[in-house]
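Peer 1: First the structure, which I've put down as structure tokens, then a few questions once you've had a look.
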Amino acid sequence: MSITIEKVILHKLQMRLKHAFTTSFGTFQDKDFFVVEAIDEKGNIGFGETVAFSSPWYSEETTQTNEHIMKDFLIPLLLKKPIEHPDEVFPRFSSIRKNHMAKSALEGAVWDLYAKRNNMTLAEALGGTKKEIDVGISIGIQPTVKELIEVIGKHVEEGYKRIKVKIKPGWDVDVMREVRNVFPDIPLMVDANSAYTLEDADHLKQLDDLNLMMIEQPLAHDDIFDHAELQRLLKTPICLDESIHSYDDARRAIQLGSAKIINLKIGRVGGLSESVRIHDLCQKNGIEVWCGGMLEAGVGRAHNVALTTLKNFTLPGDTASSSRYWEQDIIDPEVTVTNGIIQVPEKPGIGYDINRQVLEALTVEKTVFNN
Ligand code: OSB
Ligand code: MG
């Protein structure tokens, strides 16, 4: 039966991270973003979340471009006519180039709504089967190696299934050698967020001795060609994050040999339907995937949990507990991690309720769009 979206509400939120998070391209402390609420003709409610940051450091999208694109282009397209299935949302937006994070937030709300209408979990609606998922944690660049080792130790003790360490020129090989000495056996990987070029290949090759699970996005954010060259020079598997924006990017990267692993971020690829397609493509080609993170609040986190229940998410993702990021999250219950495992919620849709009180308290602006 077709779904008529009657109303979309954009809640603009401002949240402060418990701890600043530093990558090779900058430091995050505050996150402003939109919670998208979509309401159908039966009164069902679905939620999505924009994952862009306030500055265009990770990709070209920002919270403000998300707002512009959703308000002026995407929401009118979504409200224009009913849909049969959430898989129609991304194609419905095809006249608008890129802006995947804006598209994904709206599509995510429709997926949650669709699952709730059909009294199933979002995980089930996506074809996921896992009842629990393994998760790791991503650790930002720290002021000193001593602090980095302390932070890693704390999270290893908490049971996270793998540790990802952010690197950049001047904070890489030597730091990781020290980390490896202190933690000889932990599943360990690094993420460069595009801080290197092919000229650094000899330098990066030294990481091959450290038994890392992978090196994430060493080269340019828009490259898949040089990564293939680098992968031929390295033993350590390359994982692509920033470079993969679509099914076709993934197809080309696989064909070129640019990566052995792909970090899937729902927002980066334009939504859950595209994420599932890329997941399936990777599975067919023997490419492992894991679910990346964008320092999400509870709604985005819940979407990541649901996606990760698909079979080929064989490696622990970055979806750590809500409490790692926020004093108080916007969902009830919050996402909790025990011994590196998240129990997938069993309630319909994203499976977590919205904590309306917290949502209201963090909202700086609210806009309603009616059909
Ligand atoms: O490259 O995966 C990344 C955070 C902000 C921007 C980019 C990245 C990250 C992380 C942390 O690594 C992911 C998370 O904990 O949500
Ligand atoms: Mg990354």
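Heads up, the Cβ atoms here are built off N, Cα and C, so glycines get one too.
This is the feature table in TrEMBL:
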type     : residues               : note
DOMAIN   : 145-237                : domain 'Mandelate racemase/muconate lactonizing enzyme C-terminal'
ACT_SITE : LYS166                 : active site, proton donor
BINDING  : ASP191, GLU216, ASP241 : Mg(2+) binding site
ACT_SITE : LYS265                 : active site, proton acceptor
Peer 1: In the structure shown, with every protein chain counted, which of the binding-site residues ASP191, GLU216, ASP241 has the densest set of Cβ atoms within 10 angstroms of its Cβ?
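Peer 2: Of ASP191, GLU216, ASP241, the one with the most crowded Cβ is GLU216.
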Peer 1: Can you tell me which of these recorded positions sit near ligand 2, meaning the Cβ is under 6 Å from at least one of its atoms: LYS166, ASP191, LYS265?
Peer 2: ASP191
Peer 1: Average the per-residue pLDDT over the domain 'Mandelate racemase/muconate lactonizing enzyme C-terminal' (145-237) and send me the rounded value.
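Peer 2: Averaged over the domain 'Mandelate racemase/muconate lactonizing enzyme C-terminal' (145-237), the predicted model reaches a pLDDT of 98.
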Peer 1: Of ASP191, GLU216, ASP241, LYS265, the recorded positions listed, which put a C-beta under 6 Å from ligand 1? Please answer none if none do.
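Peer 2: From ASP191, GLU216, ASP241, LYS265, counting a Cβ under 6 Å from ligand 1 as near, the near ones are ASP191, ASP241.
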Peer 1: Tell me the Cβ contacts of LYS166 (active site, proton donor) under 8 Å, same chain only and six or more apart in sequence, or just say none.
Peer 2: THR22, THR23, SER24, SER138, ILE139, GLY140, ILE141, VAL190, ASP191, ALA192, ASN193
Peer 1: Relative to the mean position of the Cβ atoms of ASP191, GLU216, ASP241, the recorded Mg(2+) site, which additional same-chain residues have Cβ within 8 Å?
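Peer 2: Close Cβ neighbours, site residues excluded: LYS164, VAL190, ALA192, ASN193, ILE215, GLN217, CYS239, LEU240, GLU242, ASN263, GLY292.
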Peer 1: In the domain 'Mandelate racemase/muconate lactonizing enzyme C-terminal' (145-237), how many residues does DSSP call helix, how many strand, and how many coil?
Peer 2: 46 helix, 12 strand, 35 coil
Peer 1: Roughly how many angstrom lie between the C-alpha atoms of ASP241 (Mg(2+) binding site) and the residue listed as 'active site, proton acceptor'?
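Peer 2: So the Cα of the residue listed as 'active site, proton acceptor' lies 8 Å away from that of ASP241 (Mg(2+) binding site).
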Peer 1: Express the distance between the Cα positions of LYS265 (active site, proton acceptor) and GLU216 (Mg(2+) binding site) as a whole number of Å.
Peer 2: 13
